[in-house]
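According to Swiss-Prot, the protein has these features:
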type	residues	note
BINDING	36, 37, 38, 39, 40, 41	ATP binding site
(Lines of atoms letter the chains of each structure in order from A and count residues from 1; the text may use other names and numbers.)
(Lines give C-alpha, C1' and ligand atoms only; values in the text may rest on other atoms or scores of the structure.)
Protein backbone atom coordinates (compact mmCIF):
# COMPACT_ATOMS: atom_id res chain seq x y z
CA UNK A 1 0.00 0.00 0.00
CA UNK A 2 1.35 3.41 -1.00
CA UNK A 3 2.21 5.52 2.01
CA UNK A 4 1.49 9.22 1.72
CA UNK A 5 3.17 11.56 4.18
CA UNK A 6 0.72 13.51 6.25
CA UNK A 7 0.61 17.15 5.22
CA UNK A 8 1.86 19.72 7.68
CA UNK A 9 -0.18 22.66 9.04
CA UNK A 10 1.83 25.04 6.84
CA UNK A 11 0.89 23.10 3.69
CA UNK A 12 -2.75 22.86 4.76
CA UNK A 13 -2.94 26.58 5.54
CA UNK A 14 -1.37 27.52 2.20
CA UNK A 15 -3.69 25.24 0.22
CA UNK A 16 -6.70 26.68 2.01
CA UNK A 17 -5.50 30.24 1.41
CA UNK A 18 -5.06 29.65 -2.32
CA UNK A 19 -8.41 27.87 -2.62
CA UNK A 20 -10.11 30.81 -0.92
CA UNK A 21 -8.44 33.37 -3.19
CA UNK A 22 -9.08 31.75 -6.57
CA UNK A 23 -12.46 31.27 -8.30
CA UNK A 24 -14.25 28.00 -7.63
CA UNK A 25 -14.05 27.05 -11.32
CA UNK A 26 -11.30 28.31 -13.61
CA UNK A 27 -12.90 26.79 -16.73
CA UNK A 28 -9.60 25.35 -17.97
CA UNK A 29 -7.93 28.75 -17.96
CA UNK A 30 -4.20 29.21 -17.46
CA UNK A 31 -2.82 30.60 -14.20
CA UNK A 32 0.86 31.55 -14.09
CA UNK A 33 3.14 31.49 -11.06
CA UNK A 34 5.74 34.26 -10.86
CA UNK A 35 8.84 32.20 -10.06
CA UNK A 36 12.14 33.53 -8.74
CA UNK A 37 13.55 30.37 -7.19
CA UNK A 38 13.14 31.78 -3.68
CA UNK A 39 11.25 29.93 -0.98
CA UNK A 40 8.07 31.97 -1.27
CA UNK A 41 7.64 31.50 -5.01
CA UNK A 42 8.61 27.80 -4.88
CA UNK A 43 6.06 27.30 -2.11
CA UNK A 44 3.44 29.02 -4.27
CA UNK A 45 4.41 26.77 -7.18
CA UNK A 46 3.94 23.48 -5.32
CA UNK A 47 0.72 24.62 -3.68
CA UNK A 48 -0.66 25.86 -7.01
CA UNK A 49 0.28 22.57 -8.70
CA UNK A 50 -2.06 20.88 -6.20
CA UNK A 51 -4.82 23.49 -5.97
CA UNK A 52 -5.36 24.80 -9.50
CA UNK A 53 -6.04 21.46 -11.24
CA UNK A 54 -8.71 20.85 -8.60
CA UNK A 55 -10.31 24.13 -9.67
CA UNK A 56 -10.37 23.00 -13.31
CA UNK A 57 -7.43 25.21 -14.23
CA UNK A 58 -3.99 24.89 -15.82
CA UNK A 59 -0.74 25.93 -14.15
CA UNK A 60 2.23 27.58 -15.82
CA UNK A 61 5.08 29.79 -14.72
CA UNK A 62 6.94 32.93 -15.69
CA UNK A 63 10.54 33.37 -14.57
CA UNK A 64 11.91 36.92 -14.78
CA UNK A 65 15.68 37.15 -15.11
CA UNK A 66 16.72 40.66 -14.10
CA UNK A 67 20.33 40.03 -15.08
CA UNK A 68 21.54 41.57 -11.82
CA UNK A 69 23.61 38.53 -10.80
CA UNK A 70 26.44 36.92 -12.74
CA UNK A 71 24.72 33.53 -12.56
CA UNK A 72 21.16 34.80 -13.05
CA UNK A 73 20.71 32.97 -16.38
CA UNK A 74 21.76 29.67 -14.80
CA UNK A 75 19.42 30.22 -11.85
CA UNK A 76 16.52 30.94 -14.22
CA UNK A 77 17.20 27.69 -16.08
CA UNK A 78 17.35 25.74 -12.81
CA UNK A 79 14.02 27.23 -11.77
CA UNK A 80 12.54 26.21 -15.12
CA UNK A 81 13.72 22.63 -14.60
CA UNK A 82 12.19 22.57 -11.12
CA UNK A 83 8.88 23.83 -12.50
CA UNK A 84 8.92 21.11 -15.16
CA UNK A 85 9.24 18.51 -12.38
CA UNK A 86 5.88 19.69 -11.07
CA UNK A 87 4.30 19.51 -14.55
CA UNK A 88 3.89 23.25 -15.03
CA UNK A 89 3.24 24.23 -18.64
CA UNK A 90 4.04 26.62 -20.21
CA UNK A 91 7.17 27.89 -18.49
CA UNK A 92 8.47 31.18 -19.84
CA UNK A 93 11.75 32.89 -19.04
CA UNK A 94 11.69 36.66 -19.53
CA UNK A 95 15.00 38.51 -19.48
CA UNK A 96 14.76 42.20 -18.64
CA UNK A 97 17.15 45.13 -18.21
CA UNK A 98 16.26 47.22 -15.14
CA UNK A 99 19.21 49.51 -15.93
CA UNK A 100 17.18 50.93 -18.82
CA UNK A 101 14.64 52.34 -16.37
CA UNK A 102 15.37 55.77 -14.90
CA UNK A 103 14.39 54.99 -11.30
CA UNK A 104 16.04 53.67 -8.15
CA UNK A 105 17.37 50.11 -8.16
CA UNK A 106 14.36 48.63 -6.37
CA UNK A 107 11.82 50.55 -8.45
CA UNK A 108 13.68 49.82 -11.69
CA UNK A 109 13.65 46.08 -11.05
CA UNK A 110 9.97 46.17 -10.11
CA UNK A 111 9.01 48.18 -13.18
CA UNK A 112 10.94 45.88 -15.51
CA UNK A 113 9.48 42.81 -13.80
CA UNK A 114 5.87 43.90 -14.16
CA UNK A 115 6.43 44.95 -17.75
CA UNK A 116 7.57 41.37 -18.35
CA UNK A 117 4.45 40.13 -16.58
CA UNK A 118 2.24 42.17 -18.90
CA UNK A 119 4.08 40.83 -21.93
CA UNK A 120 3.55 37.30 -20.63
CA UNK A 121 -0.16 37.87 -20.03
CA UNK A 122 -0.50 39.13 -23.57
CA UNK A 123 1.52 36.28 -25.02
CA UNK A 124 -0.18 33.43 -23.14
CA UNK A 125 -3.68 34.92 -22.66
CA UNK A 126 -3.38 33.70 -19.06
CA UNK A 127 -6.17 34.36 -16.58
CA UNK A 128 -3.89 35.57 -13.78
CA UNK A 129 -0.40 35.71 -12.37
CA UNK A 130 0.08 34.51 -8.81
CA UNK A 131 2.54 36.55 -6.75
CA UNK A 132 4.00 34.90 -3.65
CA UNK A 133 3.98 37.91 -1.32
CA UNK A 134 3.63 36.80 2.29
CA UNK A 135 2.31 38.28 5.51
CA UNK A 136 5.87 39.39 6.27
CA UNK A 137 6.03 41.23 2.94
CA UNK A 138 2.72 42.91 3.75
CA UNK A 139 4.00 44.13 7.12
CA UNK A 140 7.16 45.49 5.48
CA UNK A 141 5.08 47.22 2.80
CA UNK A 142 2.99 48.99 5.44
CA UNK A 143 6.12 50.20 7.23
CA UNK A 144 7.61 51.40 3.93
CA UNK A 145 4.42 53.34 3.22
CA UNK A 146 4.52 54.95 6.65
CA UNK A 147 8.10 56.04 5.98
CA UNK A 148 6.97 57.80 2.81
CA UNK A 149 4.17 59.60 4.64
CA UNK A 150 1.53 58.82 2.03
CA UNK A 151 -1.44 58.88 4.40
CA UNK A 152 -4.07 56.12 4.69
CA UNK A 153 -3.06 54.71 1.32
CA UNK A 154 0.28 53.76 2.88
CA UNK A 155 -1.51 51.56 5.40
CA UNK A 156 -3.52 49.47 2.96
CA UNK A 157 -0.52 47.55 1.69
CA UNK A 158 -1.07 44.99 -1.06
CA UNK A 159 -4.41 43.54 -2.11
CA UNK A 160 -5.08 39.82 -2.39
CA UNK A 161 -6.62 40.42 -5.82
CA UNK A 162 -5.69 43.39 -7.97
CA UNK A 163 -5.97 44.22 -11.63
CA UNK A 164 -2.63 46.02 -11.83
CA UNK A 165 0.38 46.18 -9.56
CA UNK A 166 -0.16 48.45 -6.58
CA UNK A 167 0.91 52.09 -7.01
CA UNK A 168 2.15 51.82 -10.57
CA UNK A 169 1.09 51.03 -14.03
CA UNK A 170 3.61 49.96 -16.55
CA UNK A 171 4.26 50.49 -20.21
CA UNK A 172 6.67 48.44 -22.26
CA UNK A 173 7.87 50.53 -25.18
CA UNK A 174 9.06 47.87 -27.59
CA UNK A 175 10.13 50.46 -30.18
CA UNK A 176 13.04 51.67 -28.07
CA UNK A 177 13.32 48.56 -25.86
CA UNK A 178 12.77 50.59 -22.72
CA UNK A 179 10.31 50.55 -19.88
CA UNK A 180 8.66 53.53 -18.23
CA UNK A 181 6.20 53.78 -15.38
CA UNK A 182 3.30 56.12 -14.83
CA UNK A 183 2.28 56.22 -11.19
CA UNK A 184 -1.42 55.72 -10.68
CA UNK A 185 -3.86 53.65 -8.65
CA UNK A 186 -6.23 50.94 -9.89
CA UNK A 187 -5.56 51.64 -13.54
CA UNK A 188 -6.94 49.59 -16.39
CA UNK A 189 -6.44 49.23 -20.11
CA UNK A 190 -8.75 51.19 -22.37
CA UNK A 191 -11.08 49.70 -24.94
CA UNK A 192 -8.57 49.99 -27.77
CA UNK A 193 -6.54 47.26 -26.06
CA UNK A 194 -8.53 44.14 -26.91
CA UNK A 195 -6.44 41.52 -25.15
CA UNK A 196 -8.76 38.54 -24.55
CA UNK A 197 -8.56 38.25 -20.78
CA UNK A 198 -11.28 36.49 -18.78
CA UNK A 199 -13.38 38.33 -16.20
CA UNK A 200 -11.84 38.85 -12.75
CA UNK A 201 -12.78 36.51 -9.91
CA UNK A 202 -14.72 39.13 -7.98
CA UNK A 203 -17.58 41.42 -9.06
CA UNK A 204 -16.53 44.71 -10.54
CA UNK A 205 -17.65 47.90 -8.90
CA UNK A 206 -19.86 49.49 -11.51
CA UNK A 207 -19.33 52.93 -9.99
CA UNK A 208 -15.55 52.74 -10.15
CA UNK A 209 -13.78 54.51 -12.94
CA UNK A 210 -10.75 53.23 -14.75
CA UNK A 211 -8.10 54.96 -16.78
CA UNK A 212 -6.42 54.53 -20.15
CA UNK A 213 -3.34 52.37 -20.48
CA UNK A 214 -0.20 54.44 -21.16
CA UNK A 215 0.31 52.83 -24.57
CA UNK A 216 -3.10 54.02 -25.76
CA UNK A 217 -2.28 56.54 -28.49
CA UNK A 218 -5.89 57.40 -29.31
CA UNK A 219 -6.28 59.56 -26.17
CA UNK A 220 -2.71 60.66 -25.50
CA UNK A 221 -2.73 64.04 -23.77
CA UNK A 222 -6.49 64.50 -23.93
CA UNK A 223 -8.87 65.05 -21.04
CA UNK A 224 -10.69 61.78 -21.63
CA UNK A 225 -12.11 60.00 -18.62
CA UNK A 226 -12.53 56.24 -18.93
CA UNK A 227 -15.30 54.41 -17.10
CA UNK A 228 -16.41 50.80 -17.12
CA UNK A 229 -18.37 51.33 -20.32
CA UNK A 230 -15.10 52.09 -22.11
CA UNK A 231 -13.12 49.23 -20.66
CA UNK A 232 -12.87 45.75 -22.08
CA UNK A 233 -14.25 43.53 -19.31
CA UNK A 234 -11.43 41.04 -19.80
CA UNK A 235 -8.00 41.80 -18.39
CA UNK A 236 -5.15 40.24 -16.45
CA UNK A 237 -5.41 39.67 -12.73
CA UNK A 238 -2.66 39.64 -10.10
CA UNK A 239 -3.38 37.34 -7.17
CA UNK A 240 -1.57 37.17 -3.82
CA UNK A 241 -2.94 34.15 -1.95
CA UNK A 242 -0.21 34.10 0.71
CA UNK A 243 -0.85 37.44 2.43
CA UNK A 244 -1.92 35.50 5.54
CA UNK A 245 0.94 33.00 5.23
CA UNK A 246 4.25 33.81 6.94
CA UNK A 247 7.72 33.50 5.48
CA UNK A 248 8.42 30.84 8.10
CA UNK A 249 5.51 28.79 6.75
CA UNK A 250 6.70 29.01 3.14
CA UNK A 251 10.05 27.69 4.36
CA UNK A 252 8.24 24.78 6.03
CA UNK A 253 6.38 24.08 2.77
CA UNK A 254 9.66 23.88 0.85
CA UNK A 255 11.02 21.58 3.56
CA UNK A 256 7.97 19.31 3.28
CA UNK A 257 8.41 18.97 -0.49
CA UNK A 258 12.19 18.68 -0.28
CA UNK A 259 12.81 21.86 -2.26
CA UNK A 260 16.13 23.69 -2.11
CA UNK A 261 15.48 27.37 -2.66
CA UNK A 262 17.74 30.18 -3.80
CA UNK A 263 18.61 33.08 -1.52
CA UNK A 264 18.87 36.27 -3.54
CA UNK A 265 21.93 38.24 -2.33
CA UNK A 266 19.94 41.44 -2.82
CA UNK A 267 17.69 40.31 0.03
CA UNK A 268 20.70 40.84 2.32
CA UNK A 269 21.83 44.15 0.82
CA UNK A 270 21.10 46.89 3.37
CA UNK A 271 21.29 49.58 0.68
CA UNK A 272 17.64 48.78 0.04
CA UNK A 273 14.97 50.18 2.36
CA UNK A 274 12.96 46.96 2.44
CA UNK A 275 16.02 44.95 3.46
CA UNK A 276 16.78 47.36 6.31
CA UNK A 277 13.21 47.06 7.52
CA UNK A 278 13.36 43.27 7.27
CA UNK A 279 16.66 42.77 9.07
CA UNK A 280 17.00 45.84 11.30
CA UNK A 281 13.60 47.37 12.04
CA UNK A 282 11.25 44.37 12.31
CA UNK A 283 13.47 42.41 14.74
CA UNK A 284 13.66 45.43 17.04
CA UNK A 285 9.88 45.87 16.94
CA UNK A 286 9.34 42.18 17.61
CA UNK A 287 11.78 42.21 20.55
CA UNK A 288 10.64 45.48 22.11
CA UNK A 289 6.89 45.38 21.44
CA UNK A 290 6.08 41.71 21.00
CA UNK A 291 6.03 38.90 18.44
CA UNK A 292 2.66 39.94 17.04
CA UNK A 293 3.82 43.14 15.32
CA UNK A 294 3.74 41.77 11.78
CA UNK A 295 0.28 40.30 12.33
CA UNK A 296 -0.97 43.65 13.62
CA UNK A 297 0.48 45.46 10.60
CA UNK A 298 -1.14 42.95 8.25
CA UNK A 299 -4.48 43.35 10.00
CA UNK A 300 -4.13 47.13 9.78
CA UNK A 301 -3.66 46.83 6.02
CA UNK A 302 -6.91 44.88 5.67
CA UNK A 303 -8.87 47.44 7.68
CA UNK A 304 -7.28 50.36 5.84
CA UNK A 305 -8.20 48.79 2.49
CA UNK A 306 -11.87 48.73 3.51
CA UNK A 307 -11.81 52.37 4.63
CA UNK A 308 -9.87 53.76 1.68
CA UNK A 309 -11.95 51.84 -0.86
CA UNK A 310 -15.13 53.31 0.62
CA UNK A 311 -13.71 56.85 0.60
CA UNK A 312 -12.51 56.34 -2.97
CA UNK A 313 -15.99 55.14 -3.91
CA UNK A 314 -17.60 58.28 -2.44
CA UNK A 315 -15.02 60.46 -4.18
CA UNK A 316 -15.65 58.78 -7.52
CA UNK A 317 -19.38 59.32 -7.17
CA UNK A 318 -18.88 63.02 -6.41
CA UNK A 319 -16.47 63.43 -9.31
CA UNK A 320 -19.09 61.83 -11.57
CA UNK A 321 -21.58 64.48 -10.46
CA UNK A 322 -19.53 67.67 -10.58
CA UNK A 323 -16.83 67.32 -13.24
CA UNK A 324 -17.55 68.89 -16.62
CA UNK A 325 -15.42 68.28 -19.67
CA UNK A 326 -14.92 71.61 -21.42
CA UNK A 327 -12.86 70.32 -24.34
CA UNK A 328 -10.55 67.51 -25.29
CA UNK A 329 -7.90 69.18 -23.14
CA UNK A 330 -9.81 70.78 -20.27
CA UNK A 331 -12.22 70.00 -17.42
CA UNK A 332 -13.78 72.18 -14.73
CA UNK A 333 -14.82 71.61 -11.11
CA UNK A 334 -17.32 73.85 -9.25
CA UNK A 335 -15.71 75.69 -6.37
CA UNK A 336 -18.87 75.97 -4.25
CA UNK A 337 -19.38 72.21 -4.17
CA UNK A 338 -15.77 71.50 -3.31
CA UNK A 339 -15.82 74.08 -0.51
CA UNK A 340 -18.77 72.26 1.11
CA UNK A 341 -17.15 68.84 0.74
CA UNK A 342 -15.31 67.30 3.73
CA UNK A 343 -11.56 67.62 3.37
CA UNK A 344 -10.77 63.87 2.98
CA UNK A 345 -13.24 63.58 0.08
CA UNK A 346 -12.25 66.95 -1.40
CA UNK A 347 -8.57 66.01 -1.60
CA UNK A 348 -9.44 62.66 -3.15
CA UNK A 349 -11.66 64.31 -5.76
CA UNK A 350 -8.83 66.63 -6.75
CA UNK A 351 -6.38 63.75 -7.03
CA UNK A 352 -8.86 61.58 -8.92
CA UNK A 353 -9.65 64.37 -11.38
CA UNK A 354 -5.98 64.71 -12.29
CA UNK A 355 -5.51 60.96 -12.38
CA UNK A 356 -8.59 59.97 -14.33
CA UNK A 357 -8.68 62.76 -16.88
CA UNK A 358 -4.97 63.42 -17.34
CA UNK A 359 -3.28 60.28 -15.91
CA UNK A 360 -1.26 62.47 -13.55
CA UNK A 361 -0.65 61.28 -9.99
CA UNK A 362 -0.52 64.38 -7.79
CA UNK A 363 1.78 64.72 -4.81
CA UNK A 364 0.37 65.91 -1.49
CA UNK A 365 1.98 69.31 -2.13
CA UNK A 366 0.29 69.74 -5.52
CA UNK A 367 -3.06 68.58 -4.14
CA UNK A 368 -2.91 71.14 -1.35
CA UNK A 369 -1.93 73.88 -3.79
CA UNK A 370 -5.00 73.15 -5.91
CA UNK A 371 -7.12 73.17 -2.76
CA UNK A 372 -5.85 76.70 -2.04
CA UNK A 373 -7.46 77.80 -5.32
CA UNK A 374 -10.80 77.36 -3.53
CA UNK A 375 -9.97 80.35 -1.33
CA UNK A 376 -10.95 83.57 -3.13
CA UNK A 377 -8.75 85.71 -0.85
CA UNK A 378 -5.61 83.63 -1.44
CA UNK A 379 -2.99 85.10 -3.74
CA UNK A 380 -2.56 81.86 -5.68
CA UNK A 381 -4.56 81.72 -8.94
CA UNK A 382 -2.99 78.83 -10.81
CA UNK A 383 -0.86 75.77 -10.12
CA UNK A 384 1.60 74.12 -12.50
CA UNK A 385 1.36 70.34 -12.36
CA UNK A 386 3.45 67.51 -13.83
CA UNK A 387 3.23 66.65 -17.54
CA UNK A 388 2.34 70.22 -18.59
CA UNK A 389 -0.99 70.22 -16.73
CA UNK A 390 -2.23 73.45 -15.13
CA UNK A 391 -4.96 74.07 -12.55
CA UNK A 392 -6.47 77.57 -12.67
CA UNK A 393 -9.25 79.42 -10.86
CA UNK A 394 -11.60 81.23 -13.24
CA UNK A 395 -14.80 82.65 -11.75
CA UNK A 396 -16.64 79.97 -9.79
CA UNK A 397 -14.70 77.05 -11.23
CA UNK A 398 -11.32 75.40 -11.11
CA UNK A 399 -10.14 74.48 -14.57
CA UNK A 400 -7.60 71.75 -15.18
CA UNK A 401 -6.11 71.69 -18.66
CA UNK A 402 -3.11 70.61 -20.64
CA UNK A 403 -0.72 73.03 -22.31
CA UNK A 404 -2.50 72.39 -25.61
CA UNK A 405 -5.80 73.37 -24.06
CA UNK A 406 -4.66 76.52 -22.26
CA UNK A 407 -7.50 78.92 -21.55
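Keep in mind that glycine also has a Cβ here, set from the backbone N, Cα and C atoms.
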Non-site residues, in chain order, whose CB comes within 8 A of the mean position of the CB atoms of 36, 37, 38, 39, 40, 41 at ATP: 35, 42, 43, 132, 261, 262, 264
Cβ-Cβ distance under 8 Å to residue 36 (ATP binding site), same chain, at least six residues away: 63, 64, 79, 262, 264
Tertiary neighbours of residue 38 (ATP binding site) (same chain, Cβ under 8 Å, six or more apart): 132, 261, 262, 263, 264, 267
Set of same-chain residues at least 6 away whose C-beta sits under 8 angstroms from residue 37 (ATP binding site): 63, 75, 76, 78, 79, 82, 261, 262
Residue 40 (ATP binding site) CB neighbourhood, other CB atoms within 10 A: 24
Number of other Cβ atoms within 10 Å of the Cβ of residue 41 (ATP binding site) across all protein chains: 24
Same chain, 6+ residues apart, C-beta under 8 Å of the C-beta of residue 39 (ATP binding site), given in sequence order: 247, 250, 251, 253, 254, 259, 261
DSSP-derived class (H/G/I helix, E/B strand, else coil) of residue 41 (ATP binding site): helix
